[in-house]
Amino acid sequence: MESGAVLLESKSSPFNLLHEMHELRLLGHLCDVTVSVEYQGVRKDFMAHKAVLAATSKFFKEVFLNEKSVDGTRTNVYLNEVQVADFASFLEFVYTAKVQVEEDRVQRMLEVAEKLKCLDLSETCFQLKKQMLESVLLELQNFSESQEVEVSSGSQVSAAPAPRASVATDGPHPSGLTDSLDYPGERASNGMSSDLPPKKSKDKLDKKKEVVKPPYPKIRRASGRLAGRKVFVEIPKKKYTRRLREQQKTAEGDVGDYRCPQDQSPDRVGTEMEQVSKNEGCQAGAELEELSKKAGPEEEEEEEEEDEEGEKKKSNFKCSICEKAFLYEKSFLKHSKHRHGVATEVVYRCDTCGQTFANRCNLKSHQRHVHSSERHFPCELCGKKFKRKKDVKRHVLQVHEGGGERHRCGQCGKGLSSKTALRLHERTHTGDRPYGCTECGARFSQPSALKTHMRIHTGEKPFVCDECGARFTQNHMLIYHKRCHTGERPFMCETCGKSFASKEYLKHHNRIHTGSKPFKCEVCFRTFAQRNSLYQHIKVHTGERPYCCDQCGKQFTQLNALQRHRRIHTGERPFMCNACGRTFTDKSTLRRHTSIHDKNTPWKSFLVIVDGSPKNDDGHKTEQPDEEYVSSKLSDKLLSFAENGHFHNLAAVQDTVPTMQENSSADTACKADDSVVSQDTLLATTISELSELTPQTDSMPTQLHSLSNME
């Protein structure tokens, strides 16, 4: 005998299943997907289960089914258009079938449900919004009904209940909202006794004109607008009560023109009452008047202040034909076009750059973001500030999240973060430079480069150093300059370990090790490692010598050469050898001189800067040797030369005396025994050197005198 099949069904199993899955998610157990939600710089990661998300959201189902799964790896999903709090509520609803949110977030949750294609959450939000809207409409009904009851009780009109068919002229009513409502005003108008005297009927009709119409038409229109899911219904604010009250008085004045003749039938009176009831201004005014009665004295004072401010604002837009004032420009333009047939053409132009826009909103946005340097939106990860929120979003996506989708260059394959960056990069291949300077004709591929270039002509230097007040045209130049004060050298050469203040200096230095000389002279085909060296070399071919000495008129191609030359006239010798005490006008001469003492020791170990003890190249102050020791040492050497008559053993004299002053050395002179120099020239050179050393010793006059006697 076969046994019948039975159904085993648990009503608590679905609830228990959701509860257990929720507990597993909170503990992070068995989670196989991480959802990263980022909105306006705020980011948070949520761990969840693929099966739960795919079962409740078609969006996640499509993502998980289309991905290429790899065993043992967790899937990462990025959402950029959902707020963190909203997605957290979405997850709670998915795992518990319920979530508690604020009333103003219901619309946002509905949008999240539509984006993620979660039908259960979408239906729940829609039903809740429907209930909220019905409650608002019910409150409006109660206001109207209570007012009509008060008015009808004061009119003292005997009326019988009217059948429902008498109000069928207004059309069908929304189901569930007004079917069960019965308005006293309607019964009074349609159920009026026919045996009343004509005069009494007219008096009662005048009283009935003050009664507002039943809110059937307004509720019908409201319900039609509420058919969409993204419609908000709000009770009118109390600050507009006075303005609409004036509209009500105007509407009542129009209604007062309707007078019922004495011989008019009651049916005719009822028809006219229906026409009176169609005046929407009366109903709106009555409802708002009821609301205004509940407002306190403080709110009335605020109303008056706001109305006064509104009257002041109205003067901004005034029609020149009918002298009517408007609060908004859009209303003024619409009035001029439809009432007077004047199509006013308004041009929204930026006063700074002259660019035109379609509307005032776009113009204000342009002025706020383009011509303003204020940056109110910081990145929470690195602190960098931006002018707009969407700039923060793009920055986080490109910099902190790996750049997202990369736009590849078709020629070199370089990946760019955006289409704009790709378009600017492609100009490096095409050579396109659409932005030209109106002053000198120089052209640039980017508008920012042109803006920076124009500062050369205008003299603008907006970036100022806080330490010394130096000004620069670009921000990165100021950053490099500040490292002179701090001593920071963050860029180190991996080959020799030398550090530099900027990446550009390190780039030039690396060419020493690589031997790269990318800059080539088109005249003699000589190559250089730095562009500036090429510019200086070109002056050899052109004959240009822009730097001129103001004392002797000699010209130079480089500024540092002129500075070294000026020391000949001033007698300045700031660089001294600490081994022999000899001074020099430039470091290069000292470097060659130090090879006499020790070729294996670095030449900087001999360097002593005697003029004001500035910092040397290593950033440390160098101690000066004792002045008396240096003076006595030099004096002894010079006297020994004078007494022994070894002037003929000095180094060969060059073409000019100043050159000999820099290069002559007593130690090297002893090796040049074969050099034959005239006695007069050598004596003049020695006297010149001694005259320059006079400030360093008090015994120089005696030495000069002895030398003169020897001559």
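Glycine is treated like the rest: Cβ placed from N, Cα and C.
According to Swiss-Prot, the feature compositional bias 'Low complexity' maps to 153-168.
What Swiss-Prot records for 197-212 (among others) is compositional bias 'Basic and acidic residues'.
According to Swiss-Prot, the feature compositional bias 'Basic and acidic residues' maps to 243-252 (among others).
Residues or ranges marked as compositional bias 'Basic and acidic residues' by Swiss-Prot: 265-277 (among others).
Summarising the annotation, Swiss-Prot assigns compositional bias 'Acidic residues' to 298-309.
Sequence annotations record features per position, and here Swiss-Prot assigns domain 'BTB' to 31-103.
The phosphoserine annotation in Swiss-Prot covers Ser613 and rests on similarity to another entry.
Per Swiss-Prot, the feature zinc finger maps to 317-340 (among others).
Sequence-distant contacts of the zinc finger (348-371), counting only residues of its own chain at least 6 positions beyond either end whose CB sits under 8 Å from a CB of the stretch, comprise 329, 387-388. The annotation zinc finger is assigned in Swiss-Prot to 348-371 (among others).
For 377-400 (among others), the entry in Swiss-Prot reads zinc finger, with the evidence type sequence analysis. Cβ atoms under 8 Å from those of the zinc finger (377-400) belong to residues 38-43, 80, 368-369, 417-418 of the same chain, restricted to positions at least 6 beyond its ends.
Proximity of distant same-chain residues to the zinc finger (407-429), defined by a Cβ-Cβ separation under 8 Å and at least 6 residues beyond the stretch ends, is recorded for 394, 398, 445-446. Under the heading zinc finger, Swiss-Prot lists 407-429 (among others), citing sequence analysis as support.
Same-chain residues lying 6 or more positions outside the zinc finger (435-457) and placing a CB less than 8 Å from one of its CB atoms are 424, 427-428, 473-474. If you look up Swiss-Prot, you'll see 435-457 (among others) marked as zinc finger.
The zinc finger annotation in Swiss-Prot covers 463-485 (among others) and is backed by sequence analysis. For the zinc finger (463-485), the list of distant contacts is 452, 455-456, 501-502: same-chain residues at least six beyond its ends, Cβ to Cβ under 8 Å.
Here the zinc finger (491-513) has Cβ contacts under 8 Å with residues 480, 483-484, 529-530 of the same chain, all six or more residues outside its ends. According to Swiss-Prot, the feature zinc finger maps to 491-513 (among others).
With DSSP states grouped into helix (H, G, I), strand (E, B) and coil, the zinc finger (519-541) comes out at 11 helix, 4 strand, 8 coil. Residues or ranges marked as zinc finger by Swiss-Prot on the basis of sequence analysis: 519-541 (among others).
Marked as zinc finger by Swiss-Prot on the basis of sequence analysis: 547-569 (among others).
Broken down by DSSP into helix, strand and coil, the zinc finger (377-400) contains 12 helix, 4 strand, 8 coil. Panel annotation: around the zinc finger (519-541), residues 508, 511-512, 557-558 of the same chain, lying at least six beyond its termini, place a Cβ under 8 Å from a Cβ of the stretch.
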